[in-house]
Amino acid sequence: MTELTKRLRGTAAAEAPLVEDVFDDTYREKDGPKPPMQIVWRNVILMTLLHFGALYGLYLLPSTSVLTLAWSILCFLISALGVTAGAHRLWSHRSYKASLPLRIFLAIANSMAFQNDIYEWARDHRVHHKYSETDADPHNAVRGFFFAHIGWLLVRKHPDVIEKGQRLELSDLKQDQVVMFQRKHYKPSILLMCFIFPTVVPWYLWGESLWLAYFVPGLLRYALVLNATWLVNSAAHMWGNRPYDQHINPRENKFVAFSAIGEGFHNYHHTFPYDYATSEFGCRLNLTTCFIDMMCRLGLATDCKKVSREQVLARKQRTGDGSHRSG
Ligand SMILES: [Zn+2]
Ligand SMILES: [Zn+2]
């Protein structure tokens with residue numbers, strides 16, 4: 001580690017706001033029967049319609065022009081970054097600092113992904129880290145793949161999720177004007193960024209039909225980003241190695257890392273939630289880390305927090321499952 005990075009890390013640690021994303025082992029689930037599950041039918045209907053729309057988009061895919069296909073991929077990447085580099089690594093974990101223009105870009109990209117506003121996303125995500133695999137975890141993977149993937153969005157939250165979420169210290173989010181602006185204007189922002197913008201651009205610029213543009217870069221792209229994100233909560237909490245901490249559920253899952261542009265190194269991430277790269281391997285299968293590195297080079301991001309190699313090695317030897325030893 002160079003003297004400069006040491007100094008930068010020191011500064012980042014000293015100035016970093018308190019983020020409650022560390023596992024709290026004092027929490028105990030309440031005894032007795034679990035509260036009954038209450039289905040939110042509105043969400044069930046909307047999610048079903050979206051997925052049928054996305055399947056129809058898949059059917060239209062062979063008749064899509066190269067330009068519209070490229071546009072769909074670009075929209076996928078922008079909306080995914082709004083979640084990974086934005087709501088997740090910046091706003092939930094404060095693992096780096098972003099300048100105003102970058103925060104504005106990430107908030108717009110986040111509206112394109114339409115996964116609840118940044119404030120709500122970051123609050124739920126901090127609760128997920130603090131109370132992983134318990135009743136207070138919004139997408140508790142102990143309740144099975146379906147619940148962790150999408151089911152949690154189709155039922156009312158467990159009372160402990162609500163209670164613990166209300167108790168979190170979220171002043172850093174409340175003080176961020178970009179976060180609060182997006183929250184205030186959330187509905188028009190998703191209408192514009194998630195549905196209208198991806199549809200109108202190919203129609204206006206190269207004469208794509210509005211019908212196809214709505215179903216491919218619109219609905220299909222939206223459903224793919226949603227499912228890629230959900231795989232982090234479902235698959236990456238169930239399948240893969242645990243080289244850093246074998247006592248926790250989250251795992252290293254390369255397929256999830258690929259589809260969620262870098263968020264599948266989940267055993268590492270839950271062990272070191274403040275690391276901006278969410279992996280010890282930098283940009284490998286990790287487009288989000290590449291993006292943040294590029295933003296640093298452009299002077300738009302600073303103070304990336306990184307766990308030292310020695311710390312990672314010591315942790316692997318102390319609590320890992322030994323799966324990295326052969327490598
Ligand atoms: Zn997780
Ligand atoms: Zn996280």
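Note that the numbers count up from 1, one per residue, in the order the chain is shown.
For all residues, glycine too, the Cβ spot is worked out from N, Cα and C.
Note: TrEMBL annotation is automatic and uncurated.
Residues or ranges marked as transmembrane segment in TrEMBL: 40-61, 67-87, 190-206, 212-232. The domain 'Fatty acid desaturase' annotation in TrEMBL covers 70-274.
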Distant-in-sequence neighbours of the transmembrane segment (190-206), which means Cβ under 8 A and at least six residues beyond its ends: 65, 67-68, 71-72, 75, 79, 108-109, 111-114, 213-214, 217-218, 221-222
For the domain 'Fatty acid desaturase' (70-274), mean pLDDT (0 to 100): 97
